[in-house]
Amino acid sequence: MKLIAHTFDLPLRHTFTISRESTNVQPTLIVELTDGTHSGYGEATTNAYYGMTLDRMQAALESVRGIVENTSELQPRVLWEELAVALADCPFALCAIDQAAYDLWGKQQGKPVYELWGLNTKEVPHSNFTIGIDSIDVMVEKLEEMPDWPIYKIKLGTEHDLEIIKQLRKHTRATFRVDANCGWTADEAIQNSQELKKLGVEFIEQPLPREDVEGARKVFQESALPVIADESCISEADVAQCKGRFHGINIKLVKCGGLTPARRMIDHARRLNMKVMVGCMTESSVGISAIAQLLPLLDYVDMDGAALLSKDIAAGAAVEDGVCHYPKVPGNGVTLLGNN
Ligand SMILES: [Mg+2]
C-alpha cells in the first residue's frame, strides 16, 4: 500500500472573517492510500485553534509512512490501533489516514462502508445549514441564499443573540439549532433557553466554556432545551465526562482521530443514554463522505461543509437542501476530481 499526500486550497463561497483576518480559502490535506488498483481518500483541514498546519500534519504522516506502507491486509481498525500512539498529538492526520483506510477497504470489497458495518441509509437525519455570526441583515441574506434547508444552525455569542433568532424566524419556518461556542454564562444559557424554545429552537450547542463544569451541570438541570457538547467533547475520554452535563455530544472526526474512534464514541454515548451528532469543518466532499457513513447511527448531523465551497475538489456523498445523496461508488464513495 502506498500513501500519497495532496494539498489543496478550497475556495469558499463567502469570505470568512474572524477578528484578526479574512480568508477566501481553506487549506486542506487529502491523504490517498492506494493498493495499485483502488485508491481511498481521507481529509483533514488546517485549523489555527488546534495548531494544525499543513506542515505539521505532513510531518505527522511522514512519521508513520513506514507502518502504513507495510500494511499487507488492510483492516482500518487494526491500522488505527497501530498508529494511535504515534499520532496522539496529531489526531487530524490520524483522521485523514483512517478515513482513507475505510474508503479503500470498502472499494476493495466493492461495497459502501455503511453496508459493511451492517447499516442502511433508508432513514437518516437531515443535515443543518450553518449560518455564521454577522450583522443581522447579512445573516438573513445567508439564510435566504439557502432557502430550502429544513434545519439551520445559527452561530451565537453576540450582544443580541435573541434578536438574531427573532429576526431570522420571520423568514423561515425551518427548525433552528443554536451554537453559542462557549459564549454564555450558565444563567444566560438558562434564560435564553426559555425564549429560544418558543422560537422553534431544537437544542443549544456548547453554551459554556469547557472549564465551567459546575455551570454545565446547572444548565443541564434547568435548561428548557437539550444541550449538546462540542468543545467539551473532543476525544473518546471526554464522552463519560459529558454525562450529567449535556444531553448529547457533537463528534468531529478530525478532533477525535477518525471514523474508528467516532464509532466507539457513538456506542459509549448510547450506553450513557445521550444523543449523538456528528459535525464537520469547512471541508470538501472527501471528509463529508466519511461522515455520511455514520449517518444511520446519528440523531443529528451538521455536514454542510462542502456546501460552503464555491468549488469542490472531490465527488462523493452530496448534501442538497439537507438531504444526503449517496454515490454509486463503494467505500466512502470518494472520487478525487482532476485539474487541481
Ligand atoms: Mg460547535
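Note that Cβ sites are derived from N, Cα and C of the backbone, with glycine treated the same way.
A TrEMBL annotation is a machine prediction, not a hand-curated record.
Since this is a predicted model, take the numbers as computed values, not measurements.
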According to TrEMBL, D179, D230 bind Mg(2+); which of E144, E145, E202, E205 is also listed for that site?
E205
Rounded to a whole angstrom, what is the C-alpha distance between D230 (Mg(2+) binding site) and K155 (active site, proton acceptor)?
13
For D230 (Mg(2+) binding site), which of the three DSSP-derived states applies: helix, strand, or coil?
coil
Looking only at K155, K252, the active-site residues on record, which one has the least crowded Cβ, with the fewest other Cβ atoms within 10 Å?
K155
For the binding-site residues listed here (D179, E205, D230), which one has the lowest count of neighbouring CB atoms within 10 Å of its own CB?
D230
Which recorded positions of K155, D179, E205, K252 contact ligand 1 in the sense of C-beta under 6 Å?
D179, E205
